[in-house]
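One structure is given below, encoded as structure tokens.
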Amino acid sequence: MIAEGKVEERKIIETQYIRVNTLKTTPKELKDRLKNKEVKLEDTFLDYMFKVKGAPFSMGATPEYLFGYYYLQSISSTIPALVLNPYENDVVLDMCSAPGGKTTHLSQLMNNKGVIIANEINRKRMRSLKSNIYRMGIVNTILLNMDALRLKKFNMLFDKILLDAPCTGNPIKDKNRVVSKRDIRYCALRQKNMLNVGIDMLKEGGEIVYSTCSPEIEENEEVIEYILNTRRDVELIDIGEFKDNLKGINVIDGELNGTLKVIPPDEPFFIAKLRKI
């Protein structure tokens, strides 16, 4: 069992994916360019997402990467934006957006139209967010650098909100992860507060996706249960059937009906979707 566990851990660490930036190129054009450079790619359930099977160089140091033709991103972390499913004319909030993988994915899904407010509390992490927004050619996004709990002061209402919440992290991907029960309780409390703020900023009928890369039930299902038990203006949207679209990913139903969990050997993720009523 230990040996199998170590193999799974290596798979998560070593597996690399690229998300094609369809705002700048097409999957076929990029695939052909990289094939000419002896990069081996494998198709996934997304026509603009490829698994890197082999490359003679770092995928983060190619001209195509620097030109913003693709983003290095785990396939699990594409699911929150897909579940949120923003439209071109939506006003969208990404509450915790650095380094920009999900923000740029949202913009791609919106064809660079509508408006995205991308917020990040950490000033240092803002640098990578700005860099990726510029590199990927994103023009529909406004950046904010503040605590997400203070966003309500702008009195804005949103059609869609993504809360990829700060969490205690992934014990398989982060080898230095040391987490106490106190850490988990602290994160869960902040997550509940952030989700409450997010729901307050939704238009009636608006939707919010909550996600983390933590395996802890206290940061996932219990956060959603708390919200459903303490608010009367929100309902859980069942996304259980969405897993049928995720061919090739190890995804299961969450402990709370209507939620999803990605499990190893893919990068762990929890996803839930709520609607303001």
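Residue positions begin at 1 at the first shown residue.
Yeah, the Cβs are placed from backbone N, Cα and C, and that goes for glycine too.
Record features, source TrEMBL:
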- CYS213: active site, nucleophile (ACT_SITE)
- CYS96, SER97, ALA98, PRO99, GLY100, GLY101, LYS102, GLU120, ASP147, ASP164: S-adenosyl-L-methionine binding site (BINDING)
- 6-277: domain 'SAM-dependent MTase RsmB/NOP-type' (DOMAIN)
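Feature annotations (TrEMBL) mapped to structure.
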{"residue": "CYS96", "record": "S-adenosyl-L-methionine binding site", "DSSP (3 states)": "coil"}
{"residue": "LYS102", "record": "S-adenosyl-L-methionine binding site", "DSSP (3 states)": "helix"}
{"residue": "ASP147", "record": "S-adenosyl-L-methionine binding site", "DSSP (3 states)": "coil"}
{"residue": "CYS213", "record": "active site, nucleophile", "DSSP (3 states)": "coil"}
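Every protein chain shown contributes to the tally, and the Cβ of the residue listed as 'active site, nucleophile' ends up with 22 other Cβ atoms within 10 Å. A Cα-Cα distance of 13 Å separates LYS102 (S-adenosyl-L-methionine binding site) from CYS213 (active site, nucleophile). LYS102 (S-adenosyl-L-methionine binding site): 24 other CB atoms within 10 A of its CB, across all protein chains. With the fewest other C-beta atoms within 10 Å around its C-beta, CYS96 stands out among the binding-site residues CYS96, ALA98.
The Cβ of GLY100 (S-adenosyl-L-methionine binding site) lies under 8 Å from the Cβ of ALA118, SER128, LEU129, SER131, ASN132, ILE133, MET136, each of these being in the same chain and 6 or more residues away along the sequence.
When the record's S-adenosyl-L-methionine-binding residues CYS96, SER97, ALA98, PRO99, GLY100, GLY101, LYS102, GLU120, ASP147, ASP164 are compared pairwise by CA position, the greatest distance found is 19 Å.
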